[in-house]
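J.: One structure, pasted below without further comment.
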Amino acid sequence: MLSYFKELSLNRTAWLLLAFVAFALEASAIYFQYGMGLVPCVMCVYERLAIFGLLIAGLVGAISPRFFLTRWLALLLWGFSAFKGLALAIKHHDYQANPSPWNQCEFKPEFPQTMPFDQWFPSIFAPGPVNCSEKQWEMFGLGMPEWLILAFSIFALMFVIVLLSQFKRAKPQYRSVFR
């Protein structure tokens, strides 16, 4: 099984699939904001940034998946984005499951001064005046943070499997002059 995932990680199509799934999640977030009129909170903006990290990881991995450094850079970005996004989604769910005055998110995103994403791309990363503990949308009884917990858990699980497969030896390629 690990050899299958090792071969998959050496294939450009798998990395483009990761980028496509992340792009689809970003596109659905934009649809929720502009199509359905749901205003994103600060945690939603952070979760969007984690999904954007997954998109970048897929594109970096698709550049040259057989090159060791490119593949490992993409894997590190994938792992960081998946686990950070999972932690953010769990915290967002905690805000909604246990609302209280002392357990609230910030009003303004706290990006580093060198990368103010909310100023560079305000149409995507600028939050609206909404509290993170408000449930704005549900599907099958699950809110947006619960669906993101599921999505980031799948991303994290796949990352762990692909990471473990990197330590699997590749099949030796016997080359013969007389073949």
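Just so you know, glycine gets a Cβ as well, placed from its N, Cα and C.
What Swiss-Prot records for 1-14, 66-72, 166-179 is topological domain 'Cytoplasmic'. Look at Swiss-Prot and you will find 15-31, 50-65, 73-90, 147-165 tagged as transmembrane segment. Summarising the annotation, Swiss-Prot assigns topological domain 'Periplasmic' to 32-49, 91-146. Sequence annotations record features per position, and here Swiss-Prot assigns disulfide bond to Cys41-Cys44, Cys105-Cys132 based on sequence analysis.
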J.: Where among 15-31, 73-90, 147-165 do we find the most Cβ pairs under 8 Å to the transmembrane segment (50-65)?
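T.: That would be 15-31.
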J.: Residue counts in helix (H, G, I), strand (E, B) and coil for the topological domain 'Cytoplasmic' (1-14), per DSSP?
T.: 11 helix, 0 strand, 3 coil
J.: Do you know the DSSP helix, strand and coil residue counts for the topological domain 'Periplasmic' (32-49)?
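T.: Grouping H, G, I as helix and E, B as strand yields 12 helix, 0 strand, 6 coil.
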J.: Identify which of the disulfide-bonded residues Cys44, Cys105, Cys132 has its Cβ surrounded by the largest number of other Cβ atoms within 10 Å, counting every protein chain shown.
T.: Cys44
J.: May I ask which residues of the same chain, at least 6 positions away in sequence, place their Cβ under 8 angstroms from the Cβ of Cys41 (disulfide bond)?
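T.: Set apart from Cys41 (disulfide bond) by at least 6 residues yet with Cβ under 8 Å, we have His92, Cys105, Pro127, Gly128, Val130, Asn131, Cys132, Glu134.
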J.: Six or more residues beyond either end and a Cβ under 8 Å away: which residues meet both conditions relative to the topological domain 'Periplasmic' (32-49)?
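T.: For the topological domain 'Periplasmic' (32-49), the sequence-distant neighbours (Cβ-Cβ under 8 Å, at least 6 residues beyond its ends) are 26, 85, 88-89, 91-92, 95, 105-109, 117-118, 124-132, 134, 136-137, 144-145, 148.
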J.: Could you give the residue numbers and ranges of same-chain residues that sit at least 6 residues beyond the topological domain 'Cytoplasmic' (66-72) on either side and whose C-beta is under 8 angstroms from one of its C-beta atoms?
T.: 9-10, 60, 166
J.: Counting only residues 6+ away from its ends, which parts of the chain sit with a Cβ under 8 Å from the topological domain 'Cytoplasmic' (1-14)?
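T.: Cβ under 8 Å, 6 or more out: 61-62, 65-66, 71, 75, 161-162, 164-166, 168, 170-171.
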J.: Restricting to the topological domain 'Periplasmic' (32-49), report the mean pLDDT as a whole number.
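T.: Here the mean pLDDT over the topological domain 'Periplasmic' (32-49) amounts to 86.
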J.: Once the DSSP letters are reduced so that anything not helix or strand counts as coil, what is Cys105 (disulfide bond)?
T.: coil
J.: Under the DSSP assignment, what numbers of helix, strand and coil residues are found in the topological domain 'Cytoplasmic' (66-72)?
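T.: Secondary-structure composition of the topological domain 'Cytoplasmic' (66-72): 5 helix, 0 strand, 2 coil.
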